Amino acid sequence: MKTGVAAAPPTAKSFTFGSSRLFALAEKLRLYKPPPPLSSLFDEAEEMRAEGIGKSISDVGFQESIAPVRFRPKKAAVLVCLFEGDDGDLRVILTKRSSTLSTHSGEVSLPGGKAEERDKDDGYTATREAEEEIGLDPSLVDVVAFLEPFPSQHLLRVVPVVGILWDKKAFNPTPNPAEVEAVFDAPLEMFLKDENRRSEEIEWMGEKHLVHFFDYKTGDEDHVIWGLTARILIRAATVVYQRPPAFIEGKSNFKYSRMHTACVIKVGIVSGWEFLCISKSFDLKPRYVAVMFVIYS
């Protein structure tokens, strides 16, 4: 999947339907380049496997079911689809997930999903999923930027794809009832403001993390936007408006220094949390120097 591919040039529709302000934003976003990814344990484990570093499972006597040498997160992409509202404000398309889904049922999310082998890049994944979920024709979306990947609770590497919907009137939402209960939109700038926002501090493995909740009302429906969706929208709004949020974002610190590790051992999954232990010792004696975990929801 190509997270760094250049966004497409302006379409003919952009000159017909988009305001000069929206066109200027699209041009600015086309120049955006996400910061280089930090070296992760996933990547280091893969590099070590490719270089033949570390012992095989049979050499050290661990069961293959609990100690795989190779581990890579699955890829996914979501569409941050922006358009101009009637008042000229910048808005983003959101969905309320179906209450029948097995995970995150009834929650607010961005259109998107897991990558398939036939997907040529993240933009294709995001727009394909948006078409399947809410009937958004990919030809209506001008992909202009790719943000840095976000890890999810379900061990997905999620790439936010920013797209411009030049002609909002051409989009007639048709939610797939198996996946989506409702389609609505919200002002992007609200994710930089401290209004209608609350946060909860959680502590896990000795570290404190802030989880943000944004309350938003459409008609008679009250929505709560939180978790991974809120974090992505905070980042998208920061990039678009080129200013930080008016609140403490409390980014989780998942930076991993370069380590000369020998083996990666999956020690188990507890309540949906996956634990990976790193040992600098080739004999796998109990000298673990790091534990990798994913707490994103």
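Heads up, the Cβ atoms here are built off N, Cα and C, so glycines get one too.
For the compositional bias 'Basic and acidic residues' (114-123), the number of residues in each DSSP class (helix H, G, I; strand E, B; coil) is 2 helix, 1 strand, 7 coil. The feature compositional bias 'Basic and acidic residues' is assigned by TrEMBL to 114-123.
Per TrEMBL, domain 'Nudix hydrolase' is recorded for 73-229.
Per TrEMBL, the feature region 'Disordered' maps to 103-128. Residues 1-3, 5, 7, 74-81, 92-97, 134, 136, 138, 141, 143, 146, 154, 156, 158-161, 163, 181, 223-227, 229, 232-233 of the same chain lie 6+ residues outside the region 'Disordered' (103-128) yet bring a C-beta within less than 8 angstroms of a C-beta in it.
On the 0 to 100 pLDDT scale, the domain 'Nudix hydrolase' (73-229) averages 92 in this prediction.
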